[in-house]
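Visitor: Take this structure first; my questions come after.
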Amino acid sequence: MYRHYCWQLQQVANPPDRAKDDSSVGAKNGQLSRAGSLTVLRRTNSKSKLASSSSSRTSSIAESDSYASVDLGTDKLPPIDTPEASHVCSIRLRNILRRIQNGEVPKEDLYKNLEYAASVLESVYVDETRRLTDEDDELSEVEPDAVPTEVRDWLALTFTRSMNNVRRRGQEKPKFRSVAHAIRAGIMVDRIYRRLSSSSTLHIPPAVLQLLKGMDDWSFDVFALNSAADGHSLKYVGYELLQKYDLVTKYKINSSMLDSFLLQLEAGYSKYKNPYHNLVHGADVTQTVHNILSQSKLAHWLTDLEVFATIVAALIHDFEHTGTTNNFHIQTGSEFALLYNDKAVLENHHICASFRIMRSEESNILNHLSREEYREFRALVIEMVLATDMSFHFQQLKNMKNLLGMPENIDKQKALSLVLHCADISHPAKDWSLHHRWTNQLLEEFFKQGDREQELGLPISPLCDREKTLVAESQIGFIDFIVDPSFTVMTEMLEKILTPLQKAARSEEAISEEVFDKSDKSKYVLSTPWADCLAINKNKWKEQAAKDAEERKRKEAEEKSKVPNSNTNNNTTKAPVPADKATPVVNCSTGKGGN
Ligand code: CMP
Ligand code: MG
Ligand code: ZN
């Protein structure tokens with residue numbers, strides 16, 4: 001089916017019959033057309049219309065001279081949406097121009113004819129616009145056996161906007177012309193898309209742009225970014241990384257959908273107004289994952305889809321966190337605990353709620369993934385985010401250590417899960433100023449939970465008692481038993497994965513040389529900025545622990561001096577807790593912290 005409005009210069013040998021037969025035109029003007037003149041023709045919206053008006057399409061300018069008659073009325077001119085209207089219109093306008101020079105055109109006639117001309121042009125415009133946006137029609141011109149059905153369906157699916165094209169036409173196959181058109185259209189869409197995505201609609205304030213330049217740094221100041229970004233650090237980090245890895249282009253992510261997705265993520269992270277598990281933590285973990293992928297060159301080992309999944313997993317990994325632990329959900333029998341049968345309660349929710357968003361029409365950043373890609377992406381994201389459940393920590397490290405001792409390659413899902421897990425617990429391995437701030441925020445969140453547990457008459461969870469928790473000691477324990485071992489295993493894992501890659505790269509130059517040891521080219525050298533930070537921070541906490549112990553001693557003495565007989569202490573105020581009785585941050589036998 002054509003909706004072409006096609007201008008065609010055509011030699012016509014004989015005057016068409018229609019000029020004589022059509023009373024609406026020929027009878028009025030009563031003039032015969034000249035043979036051999038040029039015709040401008042317009043195709044109609046349907047083949048039948050085309051067939052029935054074929055004689056009019058071949059009408060000549062000579063024939064249309066009838067419209068240049070003395071009578072300048074418009075009543076008998078052809079309807080504005082017919083093929084001949086534009087042709088007739090042009091003749092009439094030329095005629096009027098000639099007459100204007102001689103001062104022969106009454107104002108009323110001029111008005112009516114200009115009105116007619118405007119309507120014809122409007123109709124032409126509508127027709128033409130429809131044609132340009134109607135790919136269906138091109139694919140309907142298919143000829144059987146030109147290309148396999150699968151190819152045709154693929155073309156329809158990829159280069160047209162509607163699934164309807166795939167099934168609607170049954171057994172038809174595209175003609176070569178249609179295929180070529182579809183390919184051209186696809187290339188054009190791709191070009192337009194690239195232009196759009198590189199000159200994206202997202203306006204990034206200059207101060208944010210400046211800070212985003214530091215995204216590759218280990219101790220990137222995400223708090224500074226969040227201030228400059230007016231509380232939208234997650235949006236900018238997500239946006240920047242998806243652009244940086246060229247994923248927006250690769251997966252044809254629509255910029256307004258991306259915008260909506262990131263804003264909805266931010267809203268979810270802000271739902272419970274958590275001091276720690278908020279959008280800044282989401283941004284921090286995502287930036288840290290990027291740092292590890294890029295600085296170690298692990299990204300070279302991954303496919304685009306795996307990088308995409310890893311970044312999205314990091315972005316969503318604590319989405320709609322309630323500011324309470326899994327254990328709190330289980331103990332209070334929350335809706336989430338009920339829904340997920342007490343297993344990885346929060347992590348299941350983070351995944352489920354974010355996939356709901358990614359499935360929604362306005363935030364569907366995955367809509368150009370094939371079915372297969374979508375399945376792989378989803379499986380990866382699920383595995384990675386479930387592995388952020390801290391109750392899985394020791395098992396995860398043990399599994400990875402076993403894999404490191406074996407000759408087989410490391411499973412990508414497991415490797416990426418460990419990278420995300422390390423990023424999630426990385427703040428003790430960053431600059432002190434960052435780590436200190438995160439710790440205060442996390443403890444504030446834990447203490448709020450402790451307050452609620454107290455109100456509910458539940459035992460206060462480890463690290464959640466604002467009166468008893470020994471902050472410095474807890475952080476030393478967290479570094480020694482959780483963070484340090486995790487980063488050690490991750491370092492070994494990266495070395496095991498990337499050393500053979502480096503060998504391959506030496507011939508292919510796929511990975512830049514600078515990551516490898518200059519003296520021994522076969523040795524992969526990983527930069528480990530976390531190691532120094534961990535050592536420095538641990539020392540700071542040790543100093544703090546000593547100071548805190550002093551302060552406790554001093555207070556104890558002060559309390560004693562206030563009460564002459566310590567036996568008469570009626571315990572109305574809480575006594576400071578000796579270090580050995582204080583709640584430890586981690587139960588080292590189970591590894592369960594305050595997740
Ligand atoms: P989440 O971010 O969901 O996953 C990692 C968990 O590690 C985090 O929640 C906290 O429960 C825990 N965590 C992170 N940092 C610390 C810390 N400094 N001290 C104790 N626990 C921590
Ligand atoms: Mg979490
Ligand atoms: Zn987290």
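Quick reminder: no glycine exception, Cβ is built from N, Cα and C everywhere.
Note that this is a predicted model, so its numbers are computed, not measured.
According to TrEMBL, the feature AMP binding site maps to His277, Asn278, Leu279, Val280, His281, Asp318, Asp424, Gln475. Here TrEMBL flags His281, His317, Asp318, Asp424 as Zn(2+) 1 binding site. If you look up TrEMBL, you'll see 47-65 marked as compositional bias 'Low complexity'. Per TrEMBL, compositional bias 'Basic and acidic residues' is recorded for 544-562. Summarising the annotation, TrEMBL assigns compositional bias 'Polar residues' to 563-574, 586-595. Taken from TrEMBL, the feature region 'Disordered' covers 44-65, 544-595.
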Visitor: Are any of the binding-site residues Asn278, Leu279, Val280, His317, Asp424 near ligand 1, with a Cβ under 6 Å from it, and if so which?
Guide: Asp424
Visitor: Please work out which residue of Asp318, Asp424 has the most C-beta neighbours within 10 angstroms of its C-beta, and give that one of the binding-site residues.
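Guide: Comparing the binding-site residues Asp318, Asp424, the most crowded Cβ belongs to Asp318.
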Visitor: Please report the three-state DSSP label of His317 (Zn(2+) 1 binding site).
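Guide: SS state of His317 (Zn(2+) 1 binding site) = coil.
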Visitor: When the Cβ positions of the binding-site residues Asn278, Leu279, Val280, Asp318, Asp424, Gln475 are compared with the atoms of ligand 3, which fall under 6 Å?
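Guide: If the test is a Cβ under 6 Å from any atom of ligand 3, the answer is Asp318, Asp424.
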Visitor: Sorry to bug you, but what's the C-alpha spacing from Asn278 (AMP binding site) to His317 (Zn(2+) 1 binding site), rounded to the closest Å?
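Guide: So the alpha carbons of His317 (Zn(2+) 1 binding site) and Asn278 (AMP binding site) sit roughly 11 Å from each other.
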Visitor: Which of the binding-site residues His277, Asn278, Leu279, Val280, Asp318 have a Cβ less than 6 Å from any atom of ligand 2?
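Guide: The binding-site residues passing the 6 Å Cβ test are Asp318.
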Visitor: Just name the winner among His277, His281, His317 (the binding-site residues) by count of other CB atoms within 10 A of its CB.
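Guide: By the 10 Å Cβ neighbour count, His317 comes out on top.
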Visitor: For Asp424 (AMP binding site), what is the secondary structure state per DSSP, taken as helix, strand or coil?
Guide: helix
Visitor: Run through the Cβ atoms and count how many others sit within 10 Å of the one on Leu279 (AMP binding site).
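Guide: So the number of other Cβ atoms within 10 Å of Leu279 (AMP binding site) is 25.
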